[in-house]
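See below for the structure under consideration.
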Amino acid sequence: MVLSICLASSLRPALVALRRAAPRQHRGLSTPPGPGHTLNLGGIFPPLTTPFSPTQEVDYAQLEGNVRHYASIPFRGLVVLGSNGEYPYLAPRERLEVVGCVRRALPRDRLLLAGSGCESTQATIELTVSMAEAGADMALVVTPCYYRGAMTSAALVQHYTEVADASPIPVVLYSVPANTSLDLPLEAVLALAQHPNIVGIKDSGGDITRMGLMVHKTRQEDFQVLAGSAGFLLASYALGASGGVCALANVLGAPLCQLDRLCREGRWQEARDLQHRLIEPNTAVTRRFGIPGLKKAMEWFGYYGGPCRAPLAPLSPPEVEELRGTFSANGWL
């Protein structure tokens, strides 16, 4: 592992040179074409759930089945080991096996982002290197939060800088204050956007003003903003976001890709009508019922949801009916 980290650090100058020399692309909607992106994140990424057997072991066969099912939907890629993947409940060995399983089943033209954020900088570097070796194309690194009172902008910039310096794959920042009670400060994001190996952020906070400022203030950088929820996807695109990492895409992947396409084609009235029908189902499988609700809804649309790992509990029968009613009322069931 130490050797891998040393190799990653020694390769950084070459990585920087390659990224600066690569053809530039830009798929933002509302910002003028400035410096583009070596790795284009434009599009929809479902943050995969982790399937468990009835005995709460990771069910790799069901995971592979879901991935192959998703291959028919025009996703830009997949995210594994995010919040919806029950990442904190997985052992280190399981995390790497999940990445390897998904990489083997995923078409090569789809990106694979893997969550590698840990509480310490050292552990995050080690896991990020391991994720790259297991087949991840990019690392999604959540903010360390256990000592959140000490996580100043300076501390977070130092953390992410050291991770990005050592990582053999590009890094995407991940701010999810609903789970961490810590919003990655805007000034830290703007500083980190200048790092040649930090290519974007998944922002799940839902503050559209903040997201718009990120797009505006980083328009001269090689940096992309991803909406962290389907509930504000259209608004994010209108302000220039590149794509979205949306839990609801595990269930309604095709409609979310349709929303992505409508926005890119400037068909805003159709996009607005579709966005309206996605807001309540999205709230139901995120804030209202969380991962148990998301997994239950997946089963209605032909995917394997299955149980969560304890202590997450399944929905009660009345909750299942409420969830089903939300999807039915919006025309999805």
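Keep in mind that glycine also has a Cβ here, set from the backbone N, Cα and C atoms.
Features of the protein shown, as given by TrEMBL:
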- Tyr174: active site, proton donor/acceptor (ACT_SITE)
- Lys202: active site, schiff-base intermediate with substrate (ACT_SITE)
- Val245: pyruvate binding site (BINDING)
For the residue listed as 'pyruvate binding site', nearby residues of its own chain (Cβ under 8 Å, 6 or more apart in sequence): Phe45, Pro46, Pro47, Val79, Gly82, Leu113, Lys202, Ser204, Leu226, Ala227, Gly228
The residue listed as 'active site, proton donor/acceptor', number of other Cβ atoms within 10 Å: 28
Cβ atoms near Lys202 (active site, schiff-base intermediate with substrate) (within 10 Å, other residues, all chains): 28
